[in-house]
Amino acid sequence: MTSGQDESSVRVALRIRPQLAREKIEGCHICTYVMPGEPQVILGKDKAFTYDYLFDMDSQQDAIYTTCTEKLIDGCFEGYNATVFAYGQTGSGKTYTMGTGFDVNIVDEELGIIPRAVHHLFKGIEERRQAAQEQGRPVPEFKINAQFLELYNEEVLDLFDSARDMKQKSLIKIHEDANGGIYTVGVTTRTVSSEAEMMQCLKLGALSRTTASTQMNVQSSRSHAIFTIHLCQVRVCASDNQENESDNRVSNGNSEMDEYETLTAKFHFVDLAGSERLKRTGATGDRAKEGISINCGLLALGNVISALGDRSKRASHVPYRDSKLTRLLQDSLGGNSQTVMIACISPSDRDFMETLNTLKYANRARNIKNKVMVNQDKASQQISALRTEIARLQMELMEYKTGKRMVGEDGVESFSDMFHENSMLQTENSNLRVRVKAMQETIDAQRARLTQLLSDQANQALARAGEGATEEIGNMIQSYIKEIEDLRAKLLESEAVNENLRKNLSRASNRQSFYGGSGPFPSTMLAPEKETSDIIELAKKDLEKLKKREKKKKKSANKEEVPDNEQEKGTEKGTE
């Protein structure tokens with residue numbers, strides 16, 4: 001397990017909610033078009049945007065969770081922080097997507113991201129415990145804490161604190177640790193041990209959240225909500241292979257003790273309140289004040305996204321402190337977290353401008369780079385560093401044993417001449433192999449062509465001679481020529497191998513211990529030459545036999561022609 005930093009881009013998903021019944025009655029038209037098979041949406045006639053994931057109006061909750069969030073939960077078990085937040089105008093389906101708006105009659109298919117993530121988390125804990133028991137390893141220990149915050153009118157409120165007084169100012173403070181991580185002081189932290197207990201905490205906080213009715217949304221969230229799960233696990237250090245399994249044990253006298261590591265991770269689920277225009281929502285009094293506060297927080301969030309997404313401004317100041325919302329999300333945007341942003345939009349043409357602004361912000365968020373790293377305690381980090389150092393020293397010791405490294409008389413460490421020479425010879429050998437392979441392919445092609453040409457030439461010569469067994473002799477000659485060419489190629493190859501061996505042996509004359517002793521060439525290397533001569537002699541004998549056979553055929557044919565001539569002469573005399 002390494003604790004080095006790794007860059008990870010903020011991934012952006014776009015969800016288009018279905019049209020509401022009220023929008024259909026009022027005659028609103030759909031202004032969004034999704035390109036088939038691609039995560040691209042076209043707004044209006046010519047405004048195209050591409051994202052990492054795209055979910056159309058008929059998308060289901062399960063598909064959104066599996067695509068966007070499932071891998072983040074698995075990453076938490078390896079010590080990586082994660083954040084999922086929904087962004088968009090009011091009434092675009094953010095609360096429904098995240099699953100913080102509980103309904104008594106909700107079915108399992110409509111559960112949002114948070115309830116599904118809680119189920120996945122406890123299922124993963126149980127699977128890891130069972131796997132450890134089956135493999136005979138110590139069972140990992142898990143500790144899970146939950147926090148539920150609400151940002152209402154730029155005040156951080158604790159949704160788990162049912163006895164809080166809304167009239168009193170909140171005492172919750174936001175702090176930053178030495179590593180740049182954000183944490184809160186004065187927040188109720190609940191330790192949970194089961195999925196049912198976690199869901200009960202989530203329902204309790206969701207019911208305490210501030211909501212109200214506006215002209216655009218019957219149950220509009222009037223605050224930003226952040227549900228955080230803290231996961232702490234203590235497990236045996238994972239080994240790369242069975243041979244290194246003993247490295248994970250620390251000897252203590254006659255007994256052996258397993259080496260443990262502590263990993264921590266936090267998962268933020270953020271349900272942002274929607275941006276809204278007072279003219280359209282018809283808000284007055286407290287509702288108007290809430291809308292202004294919501295828009296201010298979202299404006300600050302947009303400025304942070306713009307600063308982080310613009311490469312020219314990335315090195316300059318990022319205004320995290322302009323709002324408590326951006327301060328709480330500092331880890332998630334440009335910090336130590338794997339982040340997924342789900343942009344929720346309305347497909348109706350009356351929300352065209354709000355949808356366009358959401359798409360622009362979501363497009364900027366794709367350029368944000370987070371610095372992700374494993375959250376280990378200091379002891380685990382030190383153990384990982386020591387194990388890396390041990391592996392390096394073992395490699396260095398192996399190089400000394402094999403003669404790769406050596407220490408001179410002056411105490412200076414250097415690589416041996418034998419190692420350099422061996423490296424040069426290996427490089428030369430690789431180059432020669434490539435050249436030999438290319439030459440062999442050329443030789444095979446030329447040999448096939450030569451065989452065909454010789455065969456055609458022999459057939460033409462026999463055809464001109466007008467002898468009888470032309471086809472039989474041609475096939476035999478072609479087979480002999482081909483075999484002769486094969487043997488000749490083997491002979492050339494053997495000579496090349498012998499020449500290469502002579503060169504290598506001459507180079508290694510002073511390196512007998514490194515390359516091994518030289519010996520005489522085996523007589524089998526010269527066997528192809530003798531085999532070639534035997535084949536040629538055999539071919540000559542077969543040709544002689546064929547010629548004798550042709551001569552016998554001609555003689556028998558001449559003898560048959562003589563009696564026929566005498567019989568014809570006798571018949572001629574009788575007629576006279």
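Cβ coordinates come from backbone N, Cα and C, glycine included.
Under the heading ATP binding site, TrEMBL lists G88, Q89, T90, G91, S92, G93, K94, T95. There are 29 other CB atoms within 10 A of the CB of G88 (ATP binding site), with all protein chains counted.
Annotated coiled coil per TrEMBL: 376-403, in sequence order.
If you look up TrEMBL, you'll see 557-576 marked as compositional bias 'Basic and acidic residues'.
The domain 'Kinesin motor' annotation in TrEMBL covers 9-368. If you average pLDDT over the domain 'Kinesin motor' (9-368) in this model, you get 83.
Per TrEMBL, region 'Disordered' is recorded for 510-532 (among others).
What TrEMBL lists as region 'Disordered' is 546-576 (among others).
Neighbour density around each Cβ, counted as other Cβ atoms within 10 Å, peaks among the binding-site residues Q89, T90, S92 at S92. Cβ neighbour counts within 10 Å, taken over all protein chains shown, single out G91 as the most crowded of the binding-site residues G91, G93.
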